[in-house]
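Visitor: Structure provided below as structure tokens; questions to follow.
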């Protein structure tokens, strides 16, 4: 029984010892900076050498002026980097002692670097791959960095075998930067990502700029093509107008070659026809009284169309100037930035304006043609010229004014002339001779009708600044195709005394026949002018 008790007591003692030893192994031991001075004497000595090198006045503490001078002279730092390191080194303490410097190094992350991290720092940041093998062989970690940075240490020469003073100085400065101010990762991923994003954004902006510039160039080319088409239409319109003027001139020249005999016969026939119309009709003077009103209406309508055409030419000139300004502004930096940002461009307004101008010119051209056809038809129905006055304008106006504004006087005179024809056969011939005016030379046988707009408009060309004056010179011989038998019967009837009245009554329908022949003539002329 006593032996069993001893065995149990020995077993319990062994378990207690094992538990106590296990607790000691897993316990986390905290080492202070003061204790670390004793454990890492060489590191503390290196920190003290660095502090002594920075303390110029040997007061036992490093102020801001001393740290600034050390960074400028020994570490060759300038600008914002020096300011950043100075603020990190001092913080809120303007006097840094040896213990402060040792505690800052003791609590730094760089002191816990492993051998692999130290080798990576030597390769990537210091760029000294030649000493990597020696560092790996000696299994050096981050605690050795103060000895690298110490100005009085022979560790670099003796332990690592660095013979080059340039390499030693390079390693010393980099180690001093890490010990005093901490490690700064130059390969900042955030910066790389930001730079990549900016590069992508710049590439996208350049692509959009090129795309918008191509679209703008394409739109300008389209506008230029449309403007060229508009100019072609203008040229065609002017050519047609010129052809029309040439045709009118040719007709006036061809009609002006009428000989002296035909002109005399024409005047005699007109005189006789008007006498018969006044003697044998009651209240039939309305068509002749309507003639000046219709002519005035025709002139006003043609002047309005001419005004519309001049306005169209003016807007066409403004469109050309706008396209020229758009082409000049295309190469400017401001225009390129507007195109890149997708701002509204004025080219859409120019495009719509050119389309509206084109449609308006076509409408004016169609309306002008329809107006000419309509007035030619009115001429055919009325039997007197309205659109283009001929050489008989003065005769017709004098007849209309004398017979309708002095109706009572002329009515009595015409009836007296007929009664005198019964008693005096030669009276008719004398009246005919008195009213026949001298023949008009061929050069003066045409009358000109000028359509002048009420307001001066600028045309599309610089030489068209004067108002457009359109000379219309087409002579109309109302009785060119009258038969010789009708003329002879009128003249013979006037010379036969008592038979003159019967002859006049027999030829009573000559003036309506004259109107019918004039209608066919006007229709043929209207078809040709169109």
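Heads up, the Cβ atoms here are built off N, Cα and C, so glycines get one too.
The signal peptide annotation in Swiss-Prot covers 1-22. The annotation domain 'EF-hand' is assigned in Swiss-Prot to 42-77 on the grounds of sequence analysis. Annotation source Swiss-Prot lists Ca(2+) binding site at 55, 57, 59, 61, 66, citing similarity to another entry. Swiss-Prot lists 113-181 with the feature domain 'SAM', giving sequence analysis as the kind of evidence. The transmembrane segment annotation in Swiss-Prot covers 190-210 and is backed by sequence analysis. What Swiss-Prot lists as coiled coil is 208-329. Per Swiss-Prot, the feature region 'Disordered' maps to 409-447. For 411-424, the entry in Swiss-Prot reads compositional bias 'Low complexity'.
Mind running through what each feature is packed against?
Guide: Counting only same-chain residues 6+ beyond the ends of the domain 'EF-hand' (42-77), those with a CB under 8 A from a CB of the stretch are 36, 85-86, 89-90, 94-98, 101-102, 105, 143-144, 146-147, 149-153, 173, 176-177, 179-180.
In the three-state DSSP assignment, the secondary structure recorded for residue 59 (Ca(2+) binding site) is coil.
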Visitor: Neighbourhood of the Ca(2+) site (55, 57, 59, 61, 66): other residues with Cβ within 8 Å of the Cβ centroid, in order?
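Guide: The answer, listed by sequence position, is 54, 56, 58, 60, 62, 63, 95.
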Visitor: Counting by DSSP secondary structure, give me helix, strand and coil numbers for the domain 'SAM' (113-181).
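Guide: Residue counts for the domain 'SAM' (113-181) by secondary structure: 51 helix, 0 strand, 18 coil.
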Visitor: Since the record lists 55, 57 as binding-site residues, which of them has the fewest other Cβ atoms within 10 Å of its Cβ?
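Guide: Among the binding-site residues 55, 57, the lowest count of other Cβ atoms within 10 Å belongs to 57.
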Visitor: Including all protein chains shown, what's the count of other C-beta atoms within 10 A of the C-beta of residue 59 (Ca(2+) binding site)?
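Guide: The answer is 11 other Cβ atoms.
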Visitor: Give me the count of other Cβ atoms within 10 A of the Cβ belonging to residue 61 (Ca(2+) binding site).
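Guide: There are 16 such Cβ atoms around residue 61 (Ca(2+) binding site).
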Visitor: Taking the Cβ of residue 66 (Ca(2+) binding site) as reference, which residues of that chain separated by at least 6 in sequence fall under 8 Å from it?
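Guide: Residues satisfying the criterion: 54, 55, 56, 57.
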